[in-house]
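Participant: Quick one: structure below, then a few questions.
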């Protein structure tokens, strides 16, 4: 039944007459009207972010275009702009966002653009201005974080931006912004531990402990990127401890890579992601004290691929993406009561690219969930662009079972969250049982506008009926008494429709004019009779705001007889159903009652509960138990422990937990119900096991491989956040067979047996992925560590150059570049590059006739680099054409050629290095450098150096914000060597670091950074270059640097060998030209992955070499070991050995190299003692020795050939039986019985300062019999910044190191033209004269020695600014002159009267860059007075010059030591939060002092 209602506001005279008539007939009673009152307000701006104050008619909206906030006190009848009242100053045109308080309906906040913000505590009637010295964060969605118990406590998330980057920062208030205090800088925000009312209610016993607790996601201690983000907390707003305490998320230990955190009901959830995987680890707590990792069974969750949907007070619901090729489907999980174990509810849920999921629980009714799923999921999984067929399902038992929606016995499908056309909730409101949706009946969901109709249910989704044809926007009011709808098919409409009987019948009311509806809304609790409709009028080109009021529609208030007791949930028999131990009922208005609820209008409906007897559904698995695969039992997740004395033999039993517990909060009646949580008898055999032992606890497994040789192998190692225990290796043999092991070589499987493979290519950004290339076009790959294999058709043949076929994207995991020849029939074939966004599906051409193309995306370059591609292309697409650098940001729809002549380009950490011909010198080349991929700068060399295109260069590891490069001087076969040069922080200015560095015929260099340590490098140099030039063999010596190449020394030899004998060269432990330790380096390794050191075994290093004048052959070498970062070494075994680190260095293993053996040596006490383990009865010759790249495994693998038979064998060594417990660490103190703190240091510096700061690491106590079982780095802290010393500087451009350690100008070269700095930096006020020194890029030192800035001059045109900056008063000048002279004279007189008259001699020392004074006299005061006397005499002799110099000093021309400005890091927290953004660094000497080091532990050498 549909009636047309007259639009009353268009006929006021008629309305007046009608009211008078009714009034006279009823004697003044409230009269019933025939329709709603509708008032119109037209505005020029878009009404955004509409917000009702709950239980009121006060509504706000924002005009984002003008920054104005509009307010109405009468449900939208009258509007005015806020900004003219008291406390509203400055609000006009400054608003960015309106934020209601989540838990206090009287409060809301308006955030401004420029630091001024406003708060109301009386539902919008008055506003108070407050200021925060930061703009609202644009990165974080939640700009305000509310306390769940005290609504006065709020955290404000802001940002402070410079031209380079924005820094997220947090502030807090405890009194509704009456006062505001800084909290800390942060990476991804701060939040209250008590972040929800439900959390506050469930943690009352911890209220005092966590009431003020704040948690923050902050930057790493050494690494500014997301992989190192940490979760820290403080109970004192970081006043007692500026960095805070790191939260122990995983088994009592911190976790790195925190990317997100969220509070839901009584839970806090934190997501973490490690480098090398897209899998996330989710950690959950329900008390902010104890954390657990959430378990999703065999399902993995990925970044951007999970959505926390909501939850109850007893569970969390999470949707996890379940397809790798498409973002379009997921799996719905529900947790147990503590949020740790998740149960799969339904698969193939419908998702969109933004992560929204078609899921909504029916508000106010426990256990009813409505979801959309993809019916043709198999097709969608196979084809990324397949059209989805979506169907709707509903659950009435908390997601345990699902069934179709039914409308007149037909399946109904409704549009949900991913296609929602209004604001607020999609289907339901607090009105009990009333549910609406737009959809269609049939086999699957169809078009919203073409096929959609409005359907309604008044029994919480059990049955549905057609309400209105065509799609409509809809809202519910007065607890379900009124439903309002407006057609929403894209065409203008001039009417609304409403129902007052649960959608059975509909009436119509006319609008003033037609609009295209934008949104329809009412109060959040759906209790009001007033609605707000906003739409756009195409006729007036304005926005129309309609206030719709139904208060006069019924003349009476509902009585008791107008209500019914409505059961919120029914079982399959139609009876009230139990959930969480009770049945739920609502008292709601009958659908045909002709009344409105006015007395309790603004009261949200509350349910009534009736208890049920306990059933199996009221129980869940207890702590440390998980569901069995058939879901019928709870089995132990960790080994059980029997009561002391209970188990004497395996045949005994003991009383133990059943594995079940009653769900916390469950109200079921225990008497007469199920009791699954009663203790049960458990067998002792489940808890008894053999005790750990010595070498007998080690096991070995031998496997024979049918092939002539191992061709290559790679570990597909799980990263820290990846769940699983497998240790997978993929191996290719010389005959093209592919073998896979998932248990570190204990068993092997021959995969894809009918295919011959040529090459394995790993994705360097995702450890789970590997590609297996053939000579054909069909290629194979795995995305799950070789559990399964898939294939694609390549667009061209494989590139004949190894490693050049496939390129991968750092951020978008399915983006790839393929470079290879097409239909090549001759030798010199052109190669083309193609790209795909779908992991091999849908290849498109990038460029033809290329050498290579690469993605340039990198986190440090920002989102601007996500689509950036570099190609080295032949000019005119001719194979013989000149090479040129071509770049594009749109897959070469458009392109640029920044460098028309190049040789090659390569990536090295944050740098892009391009080699190009030198236009001024034939056969020579130069380098260009870029950090952002857009701006290029010429590289300059500080020595008389010509880089020959014929001789070549090698680009080395770059992990300390500078580039190391080897430039070849001699390219004769077996006689190659060259110069090691090092850049400044932007890669443009190179200085000599070390001469005569050894290079192999293949272009590799004896250069290696000790992993995990800052600035420690080992290199081999050719000591007899003159003889080598004449054809003699090279003699190599090993050099080491502890300050990133600024100073090099020989390695100190041990005093005695492993047998306790002294060395023939007679050294006392100090290195000399005749006696030092020399190590075989990178160029001699069979496997370049066998590095000296391990990033996880901090400070431990192995090497094979000898003590003497130079390096001898491996046949005469021994194996040496260092436990202090290469400062001191000892011989541990005679002969050459392979080595590996296990469990982060708690197990060290050696096996003989180059000779038959059947045993290994191992140490569990950092190399102090060694034991022997025999792994085989037969001897083998070891070809390689390996373990997982992170060195965290307890398994090792020997790759060998059996002696006498030439059979290939692999031998697994399993050390896991050596110990039976995990080490305990107290992160707060950093130490425990199982751990001690270790600090790296420089051998010539005191106080363990290294690069301006002191680092602390956890190292396992060698005496503790436990396992680290930790995949994260062991950094404990990075403490105070140290004063600058000589070791914090290196030689500047055009300067070189002298024999005494100082830096001097290279003979024949001019001083750098320092004034060029002003030209390159037009806003610069001053420049500094060259001193010969520059700060090492990674140092963070402050104060102390100032070797790089002595004398400054004003830049042209900035004289006045310079004088203002350095101007001083006359008093300062006076004291600057008089006081030093007075002190010098007085001190000189005292020395003259007390000293014995014996002068000493001054020499330049090597320790700390200080001058040391030695004296033959016995006076203890001589070290100071000598300098003072020298100063006094000098002052007398050159007094006129002194006055001039002092004048310049006082007026700023001479830079005073210690006046470098504010400390770059005042605290550890400031150090940790520094951003590593180099995008806008120009070609100058700006060293970006103090930036954190970012270790790329897998940075292999690039060579050309």
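In case you wondered, yes, glycine gets a Cβ from its N, Cα and C as well.
As annotated in Swiss-Prot:
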type	residues	note
CARBOHYD	313	N-linked glycosylation site
CARBOHYD	338	N-linked glycosylation site
CARBOHYD	986	N-linked glycosylation site
CARBOHYD	998	N-linked glycosylation site
CARBOHYD	1281	N-linked glycosylation site
REGION	1485-1504	region 'Disordered'
REPEAT	70-80	repeat 'BNR 1'
REPEAT	118-128	repeat 'BNR 2'
REPEAT	394-403	repeat 'BNR 3'
REPEAT	455-465	repeat 'BNR 4'
REPEAT	739-749	repeat 'BNR 5'
REPEAT	1120-1130	repeat 'BNR 6'
REPEAT	1161-1171	repeat 'BNR 7'
SIGNAL	1-31	signal peptide
TOPO_DOM	32-1370	topological domain 'Lumenal'
TOPO_DOM	1392-1423	topological domain 'Cytoplasmic'
TOPO_DOM	1445-1504	topological domain 'Lumenal'
TRANSMEM	1371-1391	transmembrane segment
TRANSMEM	1424-1444	transmembrane segment
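Relative to the rest of the structure, where do these features sit?
Facilitator: In the three-state DSSP scheme, residue 313 (N-linked glycosylation site) is classed as coil. Remark: residue 313 (N-linked glycosylation site) has 198, 202, 265, 266, 665 as non-local neighbours, by Cβ distance under 8 Å and separation of at least 6 in sequence.
The DSSP secondary structure for residue 338 (N-linked glycosylation site) is coil. Using a 10 Å radius centred on the Cβ of residue 338 (N-linked glycosylation site) and all shown protein chains, the other Cβ atoms total 23.
The Cβ neighbour count for residue 986 (N-linked glycosylation site), using a 10 Å radius over every protein chain in view, is 28.
Neighbour count (other Cβ atoms within 10 Å of the Cβ, all protein chains): 26 for residue 998 (N-linked glycosylation site).
Its Cβ placed at the centre, residue 1281 (N-linked glycosylation site) has 26 other Cβ atoms within 10 Å.
Remote same-chain residues near the repeat 'BNR 1' (70-80) are listed as 39, 41, 43, 47, 57-63, 124-125, 528, 530, 532, 545-547, 549 (criterion: CB distance under 8 Å, separation of at least six residues from the stretch ends).
In the predicted model, the repeat 'BNR 2' (118-128) has a mean pLDDT of 94.
A Cβ distance under 8 Å defines the sequence-distant neighbours of the repeat 'BNR 3' (394-403), meaning residues of its chain 6+ beyond its ends; these are 315, 317, 332, 334, 345-346, 366-371, 461-462, 569-571, 577, 579, 617.
When Cβ-Cβ distances below 8 Å are used as the criterion, the repeat 'BNR 4' (455-465) is approached by residues 362, 365, 368, 370, 394, 396, 405-408, 412, 414, 427-428, 432-439, 480, 483, 499, 502-504, 568-570, 591 of the same chain, each at least six residues removed from its ends.
Helix, strand and coil residue tallies for the repeat 'BNR 5' (739-749), in that order: 0 helix, 5 strand, 6 coil [DSSP].
Residues 1010, 1013, 1016, 1018, 1040, 1042, 1051-1054, 1058, 1077, 1079, 1092-1093, 1099-1105, 1148, 1166-1167, 1240-1241, 1243 of the same chain lie 6+ residues outside the repeat 'BNR 6' (1120-1130) yet bring a C-beta within less than 8 angstroms of a C-beta in it.
Across the repeat 'BNR 7' (1161-1171), DSSP classifies residues as 0 helix, 4 strand, 7 coil.
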Participant: For the repeat 'BNR 6' (1120-1130), give the DSSP counts of helix residues, strand residues and coil residues.
Facilitator: 0 helix, 4 strand, 7 coil
Participant: Whole-number answer please: how many Å between the C-alpha atoms of residue 986 (N-linked glycosylation site) and residue 338 (N-linked glycosylation site)?
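Facilitator: Rounded to a whole number, the Cα-Cα distance is 50 Å.
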Participant: Could you give the residue numbers and ranges of same-chain residues that sit at least 6 residues beyond the repeat 'BNR 2' (118-128) on either side and whose C-beta is under 8 angstroms from one of its C-beta atoms?
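Facilitator: Long-range Cβ neighbours of the repeat 'BNR 2' (118-128): 53, 56, 58, 60, 71, 73, 82, 85-88, 91, 105-110, 112, 176-177.
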Participant: Six or more residues beyond either end and a Cβ under 8 Å away: which residues meet both conditions relative to the repeat 'BNR 5' (739-749)?
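Facilitator: Distant Cβ neighbours of the repeat 'BNR 5' (739-749) are 701, 703, 705, 726-733, 785-787, 1187-1188, 1193, 1195-1197, 1210-1212, 1214.
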Participant: Please list, for the repeat 'BNR 4' (455-465), how many residues fall into helix, strand and coil according to DSSP.
Facilitator: 0 helix, 5 strand, 6 coil
Participant: If you measure residue 998 (N-linked glycosylation site) to residue 1281 (N-linked glycosylation site) at Cα, how many Å is it?
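Facilitator: Computed Cα spacing between residue 998 (N-linked glycosylation site) and residue 1281 (N-linked glycosylation site) is 36 Å.
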Participant: Please classify the secondary structure at residue 998 (N-linked glycosylation site) using three-state DSSP.
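Facilitator: DSSP assigns residue 998 (N-linked glycosylation site) to strand.
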Participant: Cα-Cα, whole number of Å: residue 338 (N-linked glycosylation site) versus residue 1281 (N-linked glycosylation site)?
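Facilitator: The Cα atom of residue 338 (N-linked glycosylation site) is 42 Å away from the Cα atom of residue 1281 (N-linked glycosylation site).
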Participant: When DSSP is mapped onto helix/strand/coil, what comes out for residue 1281 (N-linked glycosylation site)?
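Facilitator: Going by the DSSP assignment, residue 1281 (N-linked glycosylation site) falls within a strand, counted as strand.
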Participant: DSSP on the repeat 'BNR 3' (394-403): how many residues come out helix, how many strand, how many coil?
Facilitator: 0 helix, 3 strand, 7 coil
Participant: Helix, strand, coil residue numbers for the repeat 'BNR 2' (118-128) per DSSP?
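Facilitator: With helix first, then strand, then coil, the repeat 'BNR 2' (118-128) has 0 helix, 4 strand, 7 coil.
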Participant: DSSP-wise, what's the residue breakdown of the repeat 'BNR 1' (70-80) into helix, strand and coil?
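Facilitator: Output for the repeat 'BNR 1' (70-80) reads 0 helix, 4 strand, 7 coil.
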